[in-house]
């Protein structure tokens, strides 16, 4: 009996680590894949809006087939028209903004530097949370935000070939993601609707596709019609879109089989993997000691921020312990920041 339990525990541990490795591999791979598609001379497809739009259309169709046709995946019921209009549309719009601006940044800055700039995310979320009344300023949080900001500033100072246009696009993507998290807190969690990553894809992808279609018609469609020299093989397109869908599925598996702490630790590991591997894969990445030192400081702040959030969420779930910790409503972090 004990042997069977030990064997079951071992299998469970192996499966958990397999899901984590899958998440890290897919998350890192998707970033590199997008960078290659947008900047490689072989494909010559510098159209981030079009690429993101294709991802959202593909996810919408695949989710519909798996959920409604084959019924392989299940989604939470209870989504009304009013809920969709007031919750899903704002989330879909800010998600589209995040992906569009984040992918556009890859045309101007390296993958490593873009990843370093993303470390400022907790600061954006906290500032917007304070403005929305979801967060309260405290000395501890102010210190954590200062550490993260200082680390990103040092990493930026160490960047050799900095492009301020790329920085603006990346910061715009960060603000979009922070807004999405704020909307998730205000419009979804407080209305009692709990959505897993699969449900979010099913509801949000069509809305995001529509939000991307409008600017694509005016900004990129004329350029694509004029140029006509880009080459995007259907096989590469399908593989790129499948990788995006598989990434969201891996997030669902990791969340289902692990804890919130585990997914956040995996996210930090993924960030370092992307920064270090990008130096080996892309010629435009030139990491300096100042880059890595500043990024290390920022990541230390992000770890402290995640730990602070976990304690707050635990205090909200445990009424008996609420008097030991500050009862500040915290926004929920997301693994959709690809």
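In case you wondered, yes, glycine gets a Cβ from its N, Cα and C as well.
Please treat TrEMBL annotations as automatic predictions, because they have not gone through curation.
Residues or ranges marked as transmembrane segment by TrEMBL: 14-33 (among others). Residues 111, 115, 239-240, 243-244, 246-247, 250-251, 253-254, 257-258, 262-263, 266, 269-270, 273-274, 277-278, 281, 335, 338 of the same chain sit 6 or more residues outside the transmembrane segment (14-33) yet have a Cβ under 8 Å from a Cβ within it.
Residues or ranges marked as domain 'Sugar phosphate transporter' by TrEMBL: 19-306.
Per TrEMBL, transmembrane segment is recorded for 45-70 (among others). Long-range neighbours of the transmembrane segment (45-70) within the same chain, counting only residues 6 or more positions beyond its ends whose Cβ lies under 8 Å from a Cβ of the stretch, are 34, 37-39, 96, 99-100, 103-104, 106-107, 198, 201-202, 205-206, 208-209, 212-213, 215-216, 219-220, 223-224, 230-232, 237-238, 240-242, 244-245, 248.
Long-range contacts of the transmembrane segment (82-101) within the same chain: residues 48-49, 52, 55-56, 169-170, 172-173, 176-177, 179-180, 183-184, 187-188, 191, 193, 200, 203-212, 215, 336-338, each at least 6 residues beyond the stretch ends and with a Cβ under 8 Å from a Cβ of the stretch. What TrEMBL records for 82-101 (among others) is transmembrane segment.
Distant neighbours of the transmembrane segment (107-134): 31-32, 35, 38-39, 46, 48, 141, 144-145, 148-149, 151-152, 155-156, 159, 161-163, 165-167, 169-171, 174-175, 177-179, 181-182, 185-186, 271, 274-275, 278-279, 282, 284-287, 291, 294-295, 298-299, 301-302, 305, 329-331, 333, 337; these residues of the same chain sit at least 6 beyond its ends, with a Cβ under 8 Å from one of its Cβ atoms. Residues or ranges marked as transmembrane segment in TrEMBL: 107-134 (among others).
For the transmembrane segment (141-158), same-chain residues at least 6 beyond its ends with a Cβ under 8 Å from one of its own Cβ atoms are 113, 116-117, 119-120, 122-123, 126-127, 135, 167, 288-302, 304-305, 308. The transmembrane segment feature in TrEMBL is assigned to 141-158 (among others).
Distant neighbours of the transmembrane segment (164-188): 86-87, 90-91, 94-95, 97-102, 104-105, 107-109, 113-114, 117-118, 120-121, 124-125, 127-129, 132, 134, 156, 194-195, 329, 331-334, 336-337; these residues of the same chain sit at least 6 beyond its ends, with a Cβ under 8 Å from one of its Cβ atoms. The transmembrane segment feature in TrEMBL is assigned to 164-188 (among others).
If you look up TrEMBL, you'll see 200-219 (among others) marked as transmembrane segment. If one looks beyond the transmembrane segment (200-219) by at least 6 residues along the same chain, the residues whose Cβ comes under 8 Å of a Cβ in the stretch are 49-50, 52-53, 56-57, 59-60, 63-64, 67, 75, 79, 84, 88-89, 91-93, 95-97, 99-100, 245, 248, 336.
The transmembrane segment annotation in TrEMBL covers 231-254 (among others).
Per TrEMBL, the feature transmembrane segment maps to 261-283 (among others).
As annotated by TrEMBL, transmembrane segment applies to 289-307 (among others).
Positions annotated as region 'Disordered' by TrEMBL: 314-338.
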